[in-house]
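As structure tokens, the structure follows; a few thoughts come after it.
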Amino acid sequence: MSFKDLRSFISHLEANGELKRISHPVDPHLEMTEIADRVLRAKGPALLFENPVGNEMPVLANLFGTPKRVAMALGKEDPLALREVGELLAFLKEPEPPRGFKDAISKIPMFKQALNMPPKTVRNAPCQEVIKTGSDVDLTKLPIQHCWPGDVAPLVTWGLTITKGPRQKRQNLGIYRQQLLDKDKLIMRWLDHRGGALDFKDFKEKFPGERYPVVVALGADPVTILGAVTPVPDSMSEYAFAGLLRGERTDVCKAISCDLEVPATSEIILEGYIDPEEMAEEGPYGDHTGYYNETDKFPVFTVTHITHRKDAIYHSTYTGRPPDEPAMLGVALNEIFVPILRKQYPEIIDFYLPPEGCSYRMAVISIRKEYPGHAKRVMMGAWSFLRQFMYTKFIIIVDEDVNCRDWNDVIWAITTRMDPKRDTVMIENTPIDYLDFASPVAGLGSKMGMDATNKWEGETDREWGTPIVMDEAVKQRIDTIWDDLGIDDAPTL
């Protein structure tokens, strides 16, 4: 099942018991965060606050609060099925020519999907049913959440920021938090390596001093939203990838004030520009690390037009100590990363980003070890292969007999198969998340790799231990007589 807009997905979730309407008045100032946080930690439903205090516009929260709902947004019922998306991405990153007629036939489904890539331009788009300009532009009339007590101001969290660089054929979609600064101004917090910031940098170099057109879409269809957080090849538009996932082209329309294309079924569109000379101090805000971050200067986004659907819905979230919504997205996207990594490194058995590691700061990888030093090759490859792992501080490599998603297994491997000096790799002066205050310099810090695999000849002079494993025939014999032993339920092994 595919969803052309956010409303159809809301209806689908509600019909399947995955969305709860809240009619009781709830304040966007702190109260929504507390409710959404409790519900998410209980693995509860998405929430539609129908009566936000001080506003008539409903607020949608906790939309992707479980990996299951992320899968549902992409037409899947099980998060493991998201590996199909990863296989598609792996193919797009490095398409292989058919090895023969049968192989060509097997690739036809992927080629058919590729035909759905170009977005479809439409007129009379739902997102432009209501148009506000001039003095009618007032961001304070949106029910923007103020998430945490120490936050400096309300924060736009789920906006899809749409940009285009002068050297790029495709548009870029990215999700960057935006601090409410004034009735018509937001602070655009994008880091230097992100797509929007790179487009802006190229524009400033080619057109110094000129205003840079920017559009922000709120409440886009779920597939387009997820396309913006997926490791799409640099040469491909997120709109095109969303069309691939949906199985039909993404509807877009031209913005009113510039040539950028916006998701046609979005709930709200903010149009405007960034003046390269206008910067403002952003923060502090509570973030996905579980801490308030430092303040810094970022560009100011001036909003000149607001368009929206009739009876628009405001899509919002909060970020905090895991688990939060970004952490749940990370759990689901984990399944997409596995086939992409395996394409480059077939020896990888599994890959895990533990949500308590703030989604990406730690990775555990199990491999089919084939030679001495193999673990170090894989950890170096993981750090460099995808931009998403640029900020991963810790990588642990284990053997295929270790479940990399089970901390009991992983800790056992670390404590029995590692020598701290020999098997630890330290790399200094590497890119680190700006929000990581533990690093000695903002944006620059170290990384640690841990080789928790069995050591081969050449890696150790010692006789290596043999794991204790019970005789399989004995295990089967005990299984057959267990009920006769009068012992309570057998532990799950």
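Glycine is no exception: its Cβ is also placed from the backbone N, Cα and C atoms.
What you are looking at is a predicted structure, and each value in this text was computed from that prediction instead of being measured.
Among the features that Swiss-Prot reports, active site, proton donor is placed at D287, with the record citing sequence analysis. Look at Swiss-Prot and you will find N172, E238 tagged as Mn(2+) binding site. Positions annotated as prenylated FMN binding site by Swiss-Prot, on the basis of sequence analysis: I175, Y176, R177, R189, W190, L191, R194, G195.
Here the features listed in Swiss-Prot are painted onto the structure.
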{"residue": "N172", "record": "Mn(2+) binding site", "Cβ contacts under 8 Å, 6 or more apart": "I162, T163, K164, G165, G195, G196, D199, S237, E238"}
{"residue": "I175", "record": "prenylated FMN binding site", "Cβ contacts under 8 Å, 6 or more apart": "W158, G159, L160, T161, I225, A228, V229"}
{"residue": "Y176", "record": "prenylated FMN binding site", "Cβ contacts under 8 Å, 6 or more apart": "G159, T161, M188, R189, W190, R194, G196"}
{"residue": "R177", "record": "prenylated FMN binding site", "Cβ contacts under 8 Å, 6 or more apart": "L155, V156, T157, R189, Y285"}
{"residue": "L191", "record": "prenylated FMN binding site", "Cβ contacts under 8 Å, 6 or more apart": "A197, Y434"}
{"residue": "D287", "record": "active site, proton donor", "Cβ contacts under 8 Å, 6 or more apart": "N293, T319, G320, L435"}
**Fill in**
Largest C-alpha distance in Å for the prenylated FMN site residues I175, Y176, R177, R189, W190, L191, R194, G195, as a whole number, is 14
**Request:** Tell me the Cβ neighbour count for R194 (prenylated FMN binding site), meaning other Cβ atoms within 10 Å of its Cβ, over all protein chains shown.
**Result:** 18
**Fill in**
Those same-chain residues, other than I175, Y176, R177, R189, W190, L191, R194, G195, found with Cβ within 8 Å of the centroid of the prenylated FMN-site Cβ atoms are T161, G174, M188, G196, A197
**Message:** Most Cβ neighbours within 10 Å: which of the binding-site residues W190, G195, E238 is it?
**Reply:** E238
